[in-house]
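The next block holds one structure in the form of structure tokens; read it before the comments.
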Amino acid sequence: MEGREEDVRVGANKYGERQPIGTAAQAQDVRDYTEPPPAPLFEPGELSSWSFYRAGIAEFVATFLFLYITVLTVMGVAKSPTKCSTVGIQGIAWAFGGMIFALVYCTAGISGGHINPAVTFGLLLARKLSLTRAVFYMMMQCLGAICGAGVVKAFQKSQYEMLGGGANTVSTSYGKGSGLGAEIVGTFVLVYTVFSATDAKRNARDSHVPILAPLPIGFAVFLVHLATIPITGTGINPARSLGAALIYNKHQAWDDHWIFWVGPFIGAALASLYHQIVIRAIPFKSK
């Protein structure tokens, strides 16, 4: 019994001197985290590494599955004459958010679980990965999205074309400016959440607060879809928009397609700059 009491006493005090949370932590002189060096723009060694190609394959498969499940969900809602008999907008939002949660959880340890060129672009601007890897990821994400939407069309071609194929379009009730703004803000929310949920310094400082990174990322996708489905059908992922548009291939899918590239990339860039400059203040830290 005495041994057990000692174990309890030691365990209770093992983490007694924790790092303060929030602004109080910034006043501490002792750092519990070393900032990693920025990734090089080009790293030739990556091209001869199997882990590099394995990560690209993981991004392809994840984006493939993402498009397959979400496009089918969108078509199921569009097919029903009454939304009460389907999962509705909330169900679509859950499908997108839930798939991101599951896929990021599955691939985070392999590729980082980007599944979105906008996320990759934001991390590239923050120098979290090389330009070589970023371009490779974006190519595999777009290819996976095209294949995912293509498989849906192959299974039910007539239904796919009749129901719009899950392609993103700006609603007739909104203008192009509103659509672009929705994509910028929506992607900002997503990419900012990605940075916050995967911040290694935050995890080191607040290690007593368990954070399952895929959960807030998936929830952010869910919330953004609830807000912007009525405006643009919610893109915030250029690969998702490209895959659906290319396989559907009707003029309405291409009319405003630029919005679903420009908006997410601007939103990702703003989120990256905000996190790195304002939140982390990296440019202002002493060498």
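Yeah, the Cβs are placed from backbone N, Cα and C, and that goes for glycine too.
Counting only same-chain residues 6+ beyond the ends of the transmembrane segment (57-79), those with a CB under 8 A from a CB of the stretch are 86-89, 91-92, 95-96, 99-100, 103, 106-107, 110-111, 113-115, 137, 140-145, 147-149, 151-152, 159-160, 163-166, 233, 239-240, 243-244. The transmembrane segment annotation in TrEMBL covers 57-79 (among others).
Taken from TrEMBL, the feature transmembrane segment applies to 91-115 (among others).
Annotation source TrEMBL lists transmembrane segment at 135-155 (among others).
Look at TrEMBL and you will find 211-231 (among others) tagged as transmembrane segment. Remote same-chain partners of the transmembrane segment (211-231), defined as residues 6 or more beyond its termini with a Cβ less than 8 Å from a stretch Cβ, comprise 89-90, 92-94, 96-102, 104-105, 108, 113, 170-171, 173-174, 178-179, 182-183, 186, 189-190, 193-194, 196-198, 202-203.
Note on the transmembrane segment (258-279): residues 116-119, 121-123, 125-126, 168, 170, 176, 179-192, 194-196, 199, 232, 235-238, 241-242 of its chain, located 6 or more positions outside it, place their CB under 8 angstroms from a CB of the stretch. As annotated by TrEMBL, transmembrane segment applies to 258-279 (among others).
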